[in-house]
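Trainee: The structure follows.
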Amino acid sequence: MNFINTYPIGITGGIASGKSTATRILKEKLNLNVVCADTISREITKKPSVIKKIAEKFGDEIVMNKQINRAMLRAIITESKEAKKWLEDYLHPVINKEIKKQVKESDTVMTIVDIPLLGPYNFRHYDYLKKVIVIKADLETRIRRLMERDGKNRQQAVAFINLQISDKEREKIADFVIDNTELTNQELESKLITTINEITNLTN
């Protein structure tokens with residue numbers, strides 16, 4: 001799929017890698033439109049038809065006040081890779097359709113597509129992305145960030161990280177990799193500016 005008005009760039013990274021900070025910098029400092037898969041997912045899971053399907057899979061107790069209990073759902077997919085795969089396989093097509101729609105409507109020269117779960121196993125569905133930026137950080141840094149940011153203990157932090165694919169897997173689809181282990185936000189911003197400039201030069 002080709003987009004006439006914009007150049008879609010994927011960004012991904014594991015939990016607590018600093019990917020969200022990088023995305024915010026691209027939006028606020030570089031004035032690029034951002035399409036966020038997580039935001040789209042939250043909106044989609046508010047739809048009655050989707051709520052019904054998820055309840056059929058995981059039980060009516062997953063619904064609270066006519067909405068998906070996201071904390072309960074998160075706990076289920078943390079404990080079960082099968083449940084996580086089912087949820088991703090079910091939600092993926094409709095999320096991807098909305099991502100494409102929003103990218104098509106974007107009015108900036110480049111559009112950042114924030115997809116936390118992007119990897120070799122599903123990249124064929126996102127082959128419209130012209131470049132992919134991977135944000136990574138070493139394991140101990142990510143564990144520390146999760147413990148400080150979310151109040152998790154070490155075991156919980158490791159469990160969350162292990163649910164996701166490894167940085168090594170992510171790097172298989174990367175055009176650019178930024179190691180955010182020890183970067184300040186200002187240093188991260190500088191790296192991102194350099195990366196976007198490189199992409200701009202490649203497209204000219």
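Each Cβ is built from the backbone N, Cα and C atoms, and glycine gets one as well.
So Swiss-Prot has the following annotated:
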type    : residues                                 : note
BINDING : Ala16, Ser17, Gly18, Lys19, Ser20, Thr21 : ATP binding site
DOMAIN  : 8-204                                    : domain 'DPCK'
Trainee: Other than Ala16, Ser17, Gly18, Lys19, Ser20, Thr21, which residues of the same chain sit close to ATP? List them in sequence order, counting a residue when its Cβ is within 8 Å of the Cβ centroid of the site.
Mentor: Gly13, Ile15, Ala22, Ile135, Ala137, Asn180
Trainee: Report the mean pLDDT of the predicted model across the domain 'DPCK' (8-204), rounded to a whole number.
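Mentor: Result for the domain 'DPCK' (8-204): average pLDDT 94.
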